[in-house]
Amino acid sequence: NKHFLQKKYNDAIHCYNQALKQNGEKAIYYVNRALCYIKLKQWDKVYQDARHCLDLDPNYIKAHAYLGQYYIEQQRYDEAITYFKQALELCKTQNKNFGDEIQRLLRYAQKRRFSIMEHKRIENEISLQTYLRSLIQTDKERRMQLRIEKYLEDKDPTQSSTNTLSILKQFLSKITNRHNQQITTNLASVVSVSPKVATTTTHNNEMNVAIDQQLEQALQDIEQSADQSINEMNTLFNEVDVRRKRREIPEYLTCKLCYDLMRDPVITPFGITYCRSCIEENLYKVSHLDPIANKPLVVDQLVNNLVLKEIVEKFIKENEWAKIRPQKFAIQYSTRLVLQAFLPKEPVLDMLHFVLVLIAIASSFSDGVNTNQCTPLSTQKNTSTILAQIRQEMQKEDIGLYVVFADDEHGSEYTQAYDKRRDWLTGFRGSAGTAVVSLRTAALWTDSRYFTQAEEQLDCANWLLMRDRDPGVPTIIDWIVSELNQTALRPGTTAVFTSTSWWTSANSALKIIGKELRSVEDLVSRIWPSSERPKELQGQIFTHDIEYAGETVAQKLNRTTAEMKRLGATTAVISALDETAWLFNLRGTDIPFNPFFKSYAIIHADYQVNQPELFVNLAQLNVSQYPPGVRVFNNSIFWSRLNQISTNASINRIMLNTKISQAILNLIPENKLLLPLSNSPVQRIKARKNAKERKGMQDCQLRDAVARMKHLGWLEKQLDEGKSINETQSSDQLLVYQQQQDRFQFPSFRAITASGDRAAIVHYSAAPETAQLITKNKVYLLDAGSQYLDCTTDITRTHHFGVPKDLEKRAYTRVLQGVIDIAEAVFPTGTYGRSLDHLGRMSLYRDGMTFGHGVGHGIGHFLSVHEGPQRIASPYNALEETLADGVFLSDEPGFYKPGDFGIRIENDMEVVLANKSSYENRQYLRFNTITLLPYERSLIDASLLTNAQLNTINQYHAKVRDILEPLLQGDEAALHALHTRTASIDSIPTIPNLSYI
């Protein structure tokens with residue numbers, strides 16, 4: 001190091017060589033030697049040392065940066081940018097600051113790449129312009145030839161084609177000789193070269209002169225048309241060239257964090273200017289330091305840079321293109337629109353159209369070079385034929401756009417294969433996502449949990465992937481409004497699959513452009529061949545016994561109608577499947593992972609006089625299982641019965657929830673609706689479990705824990721014995737242990753079994769053909785749940801069977817701290833879950849970490865694993881209700897590092913009564929964790945824990961060990977897994993990290 005500081009780089013290299021001979025496992029020796037080679041510009045050796053360093057430590061920031069510099073020298077700027085971005089990401093994760101150097105190098109690589117691509121683009125433009133000129137010229141000559149042939153044929157059908165070519169040649173020669181000036185010479189001299197034509201001219205000279213002038217004028221018109229096309233083409237190319245030359249943002253107007261134009265510049269006390277949003281996010285997520293000055297900084301110290309803001313505004317005013325932030329999706333989208341808008345419908349050569357298309361595409365790509373290129377994969381379904389067919393159906397219905405939701409007619413989260421219309425249409429199989437098809441393009445919206453899955457499954461050649469809530473990505477409704485501005489046709493959707501809340505929001509936006517949604521038949525079912533479509537599930541419906549349900553149907557109806565009366569409703573229409581199942585103590589098998597059956601219900605407040613009505617497939621329900629005091633009808637008459645009730649004068653206040661389909665709402669007169677639409681009374685009541693349900697939710701956690709520990713012991717033993725186990729083999733074996741448990745019915749969702757980098761995909765779905773091996777040097781995340789007759793579970797644990805990396809341990813411990821902080825919360829009645837969301841993130845924030853999903857969701861009782869109306873998630877939701885005694889929720893913070901690893905820990909917990917305030921006589925609530933499964937001890941970094949947190953973990957592990965140990969007797973592998981994970985963790989004295997204070 002001393003030699004390096006004295007710029008004696010060869011001497012420094014000699015010292016590092018000696019050090020590496022003694023210890024070749026030290027990453028820092030390689031990276032320091034690489035820096036010496038950078039100074040000596042020995043780039044091949046820089047590459048070798050940086051690669052060696054990353055082999056030893058994949059998260060070494062300087063090694064990534066040095067590889068970036070190597071690739072700059074090789075003029076391989078894409079690779080350079082990748083490594084610089086990785087280095088910056090690691091800086092954030094590891095809370096390290098290298099000033100502006102890495103950012104400067106990244107900006108340089110981006111500029112060089114842009115310059116090279118611009119140079120190539122200009123060369124391509126010149127080639128394109130030359131090629132188009134030749135096409136126009138060829139087309140002109142072809143049209144002239146056809147015109148002369150017609151002239152000669154009219155004069156004498158026996159004329160040969162030689163005369164045509166001769167006339168054309170001489171005419172074009174005249175044009176060339178006179179420099180494209182207007183031709184005034186009589187065409188008789190041209191025609192006279194042909195003996196037959198000359199003879200004709202002699203016989204009737206005056207008539208031939210008139211005809212020759214007409215031909216001459218026609219040829220001149222063709223020539224002028226071609227000249228006009230060339231002039232228009234040149235003008236368009238010039239306009240693109242002018243716009244391109246003006247599209248560089250001066251570096252002094254560029255933010256040093258996002259590399260974009262600083263639209264809202266603020267200056268720090270250290271004289272450095274950033275975008276306000278960028279620096280605030282950096283202070284919030286990374287550290288309370290100026291990222292370049294590396295000095296303490298808080299938001300209150302930021303001052304608006306008014307001088308620079310004025311310069312930026314002037315720059316934007318003078319450069320119209322700068323008003324729009326280039327987005328990847330926008331370029332892909334605009335290119336496709338241009339193609340579909342300008343290509344002629346008839347198979348003819350329209351030169352101007354062709355030019356417009358190519359120039360528009362070139363212009364789009366000059367705005368943003370980093371576009372998403374479509375790379376068709378074998379996992380993507382080709383939907384070209386399907387889209388052509390559905391567009392034909394759209395034209396029959398006279399609509400210009402069609403929306404397809406993932407839901408069935410009941411708004412179910414999970415749908416049976418028969419109802420997966422959106423999946424069949426797009427090829428994307430994620431549970432969340434909406435497809436929109438217009439006559440010229442198609443797009444799919446999904447959230448961050450499914451971005452990777454959508455990239456693998458969505459037919460990118462025909463569909464745009466809209467990453468919902470990403471910066472610059474429009475909402476579905478905004479995009480629909482924009483798309484419909486291009487057509488006079490109305491948008492359409494199938495009302496029975498569309499919620500009233502979405503329908504209302506969409507129509508409010510469409511009203512601005514004078515349009516509204518139109519309900520049409522199910523267009524997907526029209527074109528989905530019955531030979532391809534799965535059969536509709538119609539399994540037997542069974543009674544959910546009182547020993548598990550805890551209440552009779554009459555008791556549930558009494559509570560439900562009391563809630564209806566409180567709200568002023570005379571009748572309620574129920575369409576959610578979990579609500580009909582719970583209310584009538586029935587369960588079914590129509591919906592995967594859920595004990596539901598297709599059904600509707602109509603409940604009257606005076607239910608003892610006007611009996612409740614249940615609509616099901618009668619073939620699925622035995623008469624002996626009809627709920628007492630309930631009239632049971634076939635599903636097919638629900639709509640006619642609803643219409644009768646809507647026109648019944650004695651029924652004046654009908655209650656619907658916001659998730660009910662628009663088809664139902666369409667049948668209810670507005671003056672009879674109980675407004676505003678709110679949560680169903682059944683949903684509100686069933687969320688607060690009765691005593692029997694609460695006991696079942698607690699008891700079955702023991703059974704689920706036994707299955708999980710047996711599985712964990714088995715998996716650990718397989719790996720210790722050197723056997724290969726992949727993700728799906730692991731989840732298959734878990735199911736074996738679950739099925740051994742009393743009252744188990746089936747999983748509550750498809751297990752998320754994810755090894756290594758797959759764990760970073762929140763809702764990863766493993767498939768046998770692509771399943772990854774579970775190994776000792778990677779994390780393994782297992783998120784699984786069960787449906788028992790007396791409960792529903794949802795539990796996640798992240799494991800490691802070897803020596804985890806420091807970052808994995810740190811992330812796991814931060815996540816675990818979030819789990820504890822949520823579990824130990826005490827809060828007054830009337831508290832919304834969104835008010836607690838931050839507790840699950842506070843420890844993660846200390847390391848600049850967070851996660852994209854909510855902290856927790858409601859859980860049903862042998863119903864849906866996701867249940868409302870309570871949850872723990874920060875976004876405001878008008879339908880969310882306050883936490884209450886008897887509600888069960890998940891507690892599941894996480895952290896996901898794309899391409900590397902993911903961490904999630906999830907416990908189930910119930911809301912219980914805590915103390916009552918002696919100051920204001922107000923009741924307080926707390927959580928009771930009911931999951932009994934140890935944490936992964938090898939992933940816990942005790943140095944990050946407070947003594948209180950350490951005690952909490954040790955006490956929890958002691959409780960888990962005492963309860964599970966007797967239940968695992970005879971299974972040595974499971975007991976070993978239990979004992980090693982529940983051993984007491986000793987505290988480690990720590991020195992506070994001042995960067996967090």
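Don't overthink the numbers, they just go from 1 along the chain as shown.
Any Cβ shown, glycine's included, is placed from N, Cα and C.
TrEMBL annotations: computationally assigned, not manually curated.
As annotated by TrEMBL, coiled coil applies to 208-239.
Annotation source TrEMBL lists domain 'U-box' at 248-322.
Proximity of distant same-chain residues to the repeat 'TPR' (61-94), defined by a Cβ-Cβ separation under 8 Å and at least 6 residues beyond the stretch ends, is recorded for 27, 30-31, 34-35, 38, 41, 43, 46-47, 49-51, 53-54, 101-103, 105-106, 108-110, 112-113, 116, 285-286, 807, 847-849, 897. Residues or ranges marked as repeat 'TPR' by TrEMBL: 61-94.
Mean pLDDT for the domain 'U-box' (248-322) in the predicted structure: 78. Across the domain 'U-box' (248-322), the DSSP tally of helix, strand and coil residues reads 32 helix, 12 strand, 31 coil. Helix, strand and coil counts from DSSP across the repeat 'TPR' (61-94) read 31 helix, 0 strand, 3 coil.
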